[in-house]
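**Student:** Let me begin by handing over the structure; questions about it come next.
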Amino acid sequence: MTNLRKTHPLMKIINHSFIDLPAPSNISAWWNFGSLLGICLMIQILTGLFLAMHYTSDTMTAFSSVAHICRDVNYGWLIRNLHANGASMFFMCLFLHVGRGIYYGSYLYKETWNIGVVLLLTAMATAFVGYVLPWGQMSFWGATVITNLLSAIPYIGTTLAEWIWGGFSVDKATLTRFFAFHFILPFIITALVIVHLLFLHGTGSNNPSGINPDSDKIPFHPYYTIKDALGLMFLLLILLSLALFSPDLLGDPDNFSPANPLSTPPHIKPEWYFLFAYAILRSIPNKLGGVLALLASILILLIIPFLHTANQRSMMFRPVSQTLFWILAANLITLTWIGGQPVEQPFIIIGQLASMLYFLLILVLMPFAGLFENYMLKPKW
């Protein structure tokens, strides 16, 4: 009798994707983040579903309904804390996953990379509309500030902003539609994840050396299922530690006050995972310029495959590119810090320098480093 796993139409797909999938024998722990992101997505959808059962998307009751979830619903506090901190874990894994892709040249699988960038943008949109739902002070003012950026678009900007709001400001209509978006987007993300995997399994995984691994492949199960399980243990350890011991560590105290359109918080800032982009937005004194820089900071990922000048795919044996990569990582941490600081000196100038360095590194220095390394590798005799 043939194995059902290899013959059943549905089981066969799962088998080829997660069990008998040929994987390079040398992929490191940096390749764990794909599976961790899948698990994060499942956690977010499940906890979100249970939260949606008790949440009301009305300006009068939204804040109270979140308080009700935490106080009166069985384990509601845990579900909410897992959902809020699960988003942080999701973005932590996302950033590490993208960083891995840049370091090891995975972006040369262009289709997989482009779908990945679309996934990142969709996840950011989902997190943004989700942050508005508790209808606290930072929810309201964050929504007001970010949606207001649309009005910077010439000619159609104001009309577009009012169309998104469903009125002349962020109000009941905005909250209702943001809840609808927040509910549907994770399922769109799930569909995109399947497409992402489809393209990835068309080419096979990259590996740290960046050379073709076809001559040395091993089955995904049991080798990488057990390796991913270890990563999962670490993920759950961090997530549960956050959710159970310091659930509000990454949140903003202003969000414990109900939304009040008549009182602006002293410092309006988004969640930590958007601070780098927020710092780039604020570093340009012009509104439209800031919006364009904000978009460029993420969309720049789409042109990275075309900026690859090195003869080697991975940065594993390219010390100059490695140095620039870690400068870029430190620069992003600096931008994240600046995004959370008030708009005053010396933070303004630090933010402007860090924003400039961000684009300079990706657009100029890293491509030049690739060319320089090619030159250094040529025999000189």
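Each residue, glycine too, has its Cβ placed from N, Cα and C.
Keep in mind that what you see is a predicted model, and the values were worked out from it rather than measured.
Got these off Swiss-Prot a minute ago, pasting:
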- 33-53: transmembrane segment (TRANSMEM)
- 77-98: transmembrane segment (TRANSMEM)
- His83, His182: heme b b562 binding site (BINDING)
- His97, His196: heme b b566 binding site (BINDING)
- 113-133: transmembrane segment (TRANSMEM)
- 178-198: transmembrane segment (TRANSMEM)
- His201: ubiquinone binding site (BINDING)
- 226-246: transmembrane segment (TRANSMEM)
- 288-308: transmembrane segment (TRANSMEM)
- 320-340: transmembrane segment (TRANSMEM)
- 347-367: transmembrane segment (TRANSMEM)
**Student:** With the transmembrane segment (113-133) as the reference, find which of 178-198, 226-246, 347-367 contributes the most Cβ pairs under 8 Å.
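**Tutor:** Answer is 178-198, with the largest number of Cβ pairs below 8 Å.
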**Student:** Spatially, and counting Cα to Cα, which of the binding-site residues is closest to His201 (ubiquinone binding site)? Options: His83, His97, His182.
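**Tutor:** Out of the listed candidates, the nearest Cα belongs to His97.
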**Student:** His83, His97, His201: which of these binding-site residues has the sparsest Cβ neighbourhood within 10 Å?
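**Tutor:** If we count Cβ atoms within 10 Å for the binding-site residues His83, His97, His201, the smallest count is at His201.
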**Student:** Taking the Cβ of His182 (heme b b562 binding site) as the reference point, list residues of the same chain whose Cβ is under 8 angstroms away and which are at least six residues distant in sequence.
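**Tutor:** When sequence neighbours closer than 6 are ignored, His182 (heme b b562 binding site) has Gly48, Thr126, Val129, Gly130, Leu133 within Cβ distance under 8 Å.
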**Student:** How big is the Cα-to-Cα gap, in Å, between His97 (heme b b566 binding site) and His83 (heme b b562 binding site)?
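**Tutor:** Rounded to a whole number, the Cα-Cα distance is 20 Å.
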**Student:** Counting only pairs at least 6 apart in sequence, do the transmembrane segment (226-246) and the transmembrane segment (347-367) share 3+ Cβ pairs under 8 Å?
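**Tutor:** They do not touch: fewer than three Cβ pairs between the two stretches lie under 8 Å.
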**Student:** Out of 33-53, 288-308, 347-367, which stretch has the largest tally of CB pairs under 8 angstroms to the transmembrane segment (178-198)?
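**Tutor:** The stretch with the most contacts is 33-53.
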**Student:** Pop the Cα-Cα gap between His196 (heme b b566 binding site) and His83 (heme b b562 binding site) into the table, whole Å please.
**Tutor:** 24
**Student:** Take the Cβ of His196 (heme b b566 binding site) and count every other Cβ within 10 Å, whichever protein chain it belongs to.
**Tutor:** 21
